[in-house]
Structures are given as structure tokens and as C-alpha cells.
Amino acid sequence: CFVRGCDGSVLLDSAGNSTAEKDAKPNQTLRGFGFVERVKAAVEKACPDTVSCADVLALMARDAVWLSKGPFWAVPLGRRDGRVSISNETDQLPPPTANFTELTQLFAAKNLDLKDLVVLSAGHTIGTSHCFSFSDRLYNFTGLDNAHDIDPTLELQYMARLRNKCTSLDDNTTLVEMDPGSFKTFDLGYYKNVAKRRGLFHSDGELLTNGFTRAYVLRHAGGGFQDEFFADFAASMVKMGNVDVLTGSQGEIRKKCNVVN
């Protein structure tokens, strides 16, 4: 939703001379496109030309959270699909290397506030990351490219563990759990890790540098307010799902999610 709004543009394949979002560097770790196509095909069979790929994606995101023992929420529907996908527009995506100022600016550009930032960051309780998204913290934090050039905000034992998995800046294949021990469960583990300075990305650690986001992290690191966090996450997901949507006669309803009609 950060690129062109929630219009399913990330699902489109590159065509001819134009490189699509999905092939831009920040998105090269995305998986599951084939799964989206299978869901869309089943929906098309049941009610053709009715449900957009953008809506399918919003529903699948909700169901993935629910099936991972997270919250359930009503997804507002009626989005249309965009017809444009441009790789260099992915510079609007918040990178894992971002500092707090950059994060707040990128979120504010989509009308998302500090609370949305600290709440949606907890999506990192699910899934894995490639080493290259954070290895600069281990070997090249200030550009010196040596074993002593580390991110001083990262907890040392955790850093040692990460170095055992990501042995150099050149590792482009190894996957690391973003929320070690419960990376398939939607829970409060993310905040517990961040509070201990064990957030995987530099952007995770930056949540401790602001009074409001730090207080939110520490409140939920205690584990006593899961229902409150689940309600907050659901609300922020609905808010993000409403970013710059196409409706009415705008866009189209794609037959297949990877190509325009």
C-alpha cells in the first residue's frame, strides 16, 4: 500500500522494457505470488469480474494474521486494481536501514502516525529475512567494512548469534527468523525482542529512540496487554488498507493478478 496505494500493483509482472515493483530490490524477497493467483482463480470461478486483486491481497493479509493466532478484523472492500507498476517507485517503502526520522516521514506521507508505525512494525513477529537486509549492522555499520564496524545499539549476544548465521556481507541466500522461536505465531514476541535490543532490523531498534514508541514497545514487551495490541494492529491494518485506494470507475478488476486485462 506504500506504492501507489492499495491497488495490487506489487502483483504485476515486469513487461517489455518496464521493470515492475515486484522485481525492485526491496521486493525481491517477497514470496507467495503463486498462492495469490490460486486464490484469485478460485474467486473468479465463483464470481467473475467482481473481486479485485487488491481486495484479495487485503483479505489474505488478514487471514494470514488470523491463521497465525493473531487478531481477526473486518476488511473494507471495493478497491480496484491499478494498471501501473514501476520498480523505482519502491523508494517509498520504509527500508530496514531507516532511522526514526525517515520512518516517520515515510509513514506520514501515507497519513499513518507514530502509533501506526510502532503497531505495524510488529508485523515482524511473522516470517523471515535475508541476511542482506541487516548485515550492515554486523560488519559495515559506518562504512568501514570490518569486524569491528558494528551497530552499537544491537545486543551483543544476539549480534554474535546473527554473525554465526550471516558470515559475511556477501550472503544473499541465508534466511533468519525475524522473531526467533515464534516466527510462525502472531504474538508479542517482537516487542519483547525490541525491548532487549534484539530487533533484527535497524528500523526495529529505532522504535526505542522516541518517547511514545519506546513506551508502547515496553508496555507490550511485558505481555499483559495482548488484546489491546491485537485491537491496535487490526485498526492500523484497516487504516493502511485505505491508503490511496482506487474505487468506482478508476482502475479495473484484473482477471489475473500478475497482468493487466
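Cβ coordinates are placed from backbone N, Cα and C, and glycine is handled just like the others.
Taken from TrEMBL, the feature Ca(2+) 1 binding site applies to V3, G5, D7, S9, E21.
On its own chain, P94 (substrate binding site) has F2, E102, L103, L106, F107, S203 as residues at least 6 apart in sequence with a Cβ closer than 8 Å to its own Cβ. Residues or ranges marked as substrate binding site by TrEMBL: P94.
Non-local contacts of H124 (heme b binding site) by the CB criterion (under 8 A, 6+ apart in sequence, same chain) comprise M178, D179, Y190, G199, L200, F201, D204. For H124, the entry in TrEMBL reads heme b binding site.
Annotation source TrEMBL lists Ca(2+) 2 binding site at T125, D179, D187.
Within 10 Å of the C-beta of C6 (disulfide bond) there are 25 other C-beta atoms, taking all protein chains into account. Taken from TrEMBL, the feature disulfide bond applies to C1-C6 (among others).
Annotation source TrEMBL lists disulfide bond at C53-C257 (among others). Long-range Cβ neighbours of C53 (disulfide bond) (same chain, at least 6 residues apart, Cβ-Cβ under 8 Å): G8, L11, V36, K40, D81, I253, R254, C257.
As annotated by TrEMBL, disulfide bond applies to C131-C166 (among others).
The annotation domain 'Plant heme peroxidase family profile' is assigned in TrEMBL to 1-261.
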Listed recorded positions C1, T125, C131, C166, D187, filtered to Cα within 10 Å of S9 (Ca(2+) 1 binding site): C1
Shell list (Ca(2+) 2; ref centroid = CB of T125, D179, D187; cutoff 8 A): A122, H124, I126, M178, S182, F183, T185, F186, L188, G189, Y190
Inter-residue C-alpha distance, E21 (Ca(2+) 1 binding site) and T125 (Ca(2+) 2 binding site) (nearest angstrom): 24
For E21 (Ca(2+) 1 binding site), the number of other Cβ atoms found within 10 Å of its own Cβ: 23
Environment of V3, G5, D7, S9, E21, the listed Ca(2+) 1 site - residues of the same chain whose CB lies within 8 A of the CB centroid: C1, F2, R4, C6, G8, V10, G82, V84, S85, E89
Sparsest-packed of the listed recorded positions (G5, S9, C166, D179, C257) - C-beta count within 10 angstroms: G5
